[in-house]
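Here is what Swiss-Prot records for this protein:
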BINDING   Arg61, Tyr195, Lys201, Arg323  substrate binding site
BINDING   Lys201, His220, Asp257  Mn(2+) binding site
BINDING   Lys201, His220, Gly236, Leu237, Ser238, Gly239, Thr240, Gly241, Lys242, Thr243, Thr244, Glu285, Arg323, Thr448  ATP binding site
Amino acid sequence: MIETGLRNSSQGIETFGLRNLAGVHWNLTEPQLYEHAIAKGEARLAAGGALAANTGVHTGRSPKDKFVVRDATTEGEVWWDNNGSITPEQFETLYQDFLAAAEGKTLFAQDLYGGADPAHRIAARVYTEYAWHSLFIRTMLRRPAREELPGYVPELTIIDLPSFKADPARHGVRSDTIIAVNFTRRIVLIGSSSYAGEMKKSVFTFLNYLLPAKGVMPMHCSANAGKDGDVALFFGLSGTGKTTLSADPARTLLGDDEHGWSNTGVFNFEGGCYAKTIRLSKEAEPEIFAASDRFGTILENVILHEDTRVPDFDDGSLTENTRSAYPLDFIPNASPTGRAGVPKNIIMLTADAFGVMPPIARLTPAQAMYHFLSGYTAKVAGTEKGVKDPEATFSTCFGAPFMPRHPSVYGNLLRDLIAKYQVDCWLVNTGWTGGKYGVGRRMPIKVTRTLLTAALDGSLKDAAFRTDPYFGFSVPSSVPGIEPHILYPSKTWADKADFDATARKLVAMFRDNFAKFEGHVDAAVRDAQPQVRIAAE
């Protein structure tokens, strides 16, 4: 077996059970991985230096093909209503079949960390079949210093083999695609998907399982900090604006997707950003645009001009879920440590497909827990396989696919931290205004940024507020720089009766969805539910 690169001499492939490999490339750097990816025909070089790869049939995550091993340890800890399960025996068969499938292959291995806080991180070793996948995960997680590698000991091992096809009858799974998570043995097996995001979300899933037991809140959120160190968290599903809104030139970026909150502050789980690039423009998102075509960036399913190799970010012919993965330090004002103090503001982002929610609302602590547990948004086109048009959905904790434990575990942690640190909470609609999806328009990003600036600098707290008659939260009556009517959703609709009916429909959906949580929350949170306060027109 041929081995190249640097690793701990006592932590080779045999510690995971791999055998008869043709070779392993350990902890290769960006130029080395570029050379392998291009030589193997996995990817092409874009004009500005990015590495462009296509993922084939899987252009998003496959949440229905993710299974957690149900054993004596996880039986009482995992939220089985939300997580598919396989037996330890089925996992062992799958594991042995993965090892057999790897024989004769040359793999790429990266020794990395999930978590910027040494007290709460996990050492994740990732074996990949593709060189560009190795570059992706090296970009997205946090790297040890080169001199640390000889002493590195993995605590979690991921093996990513897109060529592996699962057998539903043999392995107890749904299709030939598989993401198998074993919390007890600390292993993740990924097969038959080339979508690189599966790897990073597998590390996130592990941290979401492990950290609550330590009193640390894992969060599907972006985070940034003002010049005075005031931290803001942005919760939201993919496509709701976490990456875009946290990349603010006036604030220091901690990260765009995954963070932890301990008693010492907030820390990023990752070392990179994974930005949606469909219709990305230099004018609207200059920092992300600049980061998305330079050496070290991976472009996923982005079309390149046939002759010039210039990326066409307007071309969604492969998928609407085009992506750019780049190191955090490609953003000029990114935090070098990925760590900061406790939050001052929490922003819950929703892409309201019905177009009836205001662009911003202030939440009480009880309302914040209610909306966190509800996780209302829209599935935005292409983020998951099979989703082309936005559709209303409730994803608890703004990240149900990645939350192994019951939502109340995360909700109670969040409520306690909000109360302890007196955090201001806001709901921001980055979705539709002037009508539902297909009729109205997407909320202008300049409106959202103006409102966010007012919330984060404290000036919005001095505004006059009114109570929304449908949802009960507080909405500013006027904000400098914002056209007044946009703060009143009903005034943006041509048909007021249609607005009323649509708002009532959404209120009913909220209440129906929350019924499953009512036994897990106190009276204050139950009373924070939307209640229509006006008679039908």
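Each position is counted from 1, following the chain as shown.
A Cβ is built for glycine as well, from the same backbone N, Cα and C atoms used for every other residue.
In this structure, Lys201 (substrate binding site) is part of a helix by DSSP. For the recorded Mn(2+) site, residues Lys201, His220, Asp257 set the reference point as the centre of their Cβ atoms, and the other residues of that chain within 8 Å of it by Cβ are Lys200, Phe204, Ser238, Glu258, Gly399, Phe402. Cα of Gly236 (ATP binding site) to Cα of His220 (Mn(2+) binding site): a span of 7 Å. Lys242 (ATP binding site) has His220 nearby among the binding-site residues Arg61, Tyr195, Lys201, His220, Arg323, counting only those with a Cα within 10 angstroms of its own Cα. Long-range Cβ neighbours of His220 (Mn(2+) binding site) (same chain, at least 6 residues apart, Cβ-Cβ under 8 Å): Phe204, Phe235, Gly236, Leu237, Asp257, Glu258, Cys397, Phe398, Gly399, Phe402. Within 10 Å of the C-beta of Lys242 (ATP binding site) there are 29 other C-beta atoms, taking all protein chains into account. Nearest by CA distance to Thr240 (ATP binding site), out of the binding-site residues Arg61, Tyr195, Lys201, Arg323, is Arg323. Look at Ser238 (ATP binding site): DSSP puts it in coil. The binding-site residues under consideration are Arg61, Lys201, Arg323. Their Cβ neighbour counts within 10 Å are lowest for Arg61. Arg61 (substrate binding site) carries a strand DSSP state (E or B).
Cα-Cα distance from Ser238 (ATP binding site) to Arg61 (substrate binding site): 11 Å (rounded to the nearest whole number). Residues Gly60, Ala196, Gly197, Glu198, Lys200, Tyr274, Asn321 surround the recorded substrate site, their Cβ atoms falling within 8 Å of the Cβ centroid of Arg61, Tyr195, Lys201, Arg323, which are themselves excluded.
Of all Cα pairs drawn from Arg61, Tyr195, Lys201, Arg323, which the record names as binding substrate, the longest spans 15 Å.
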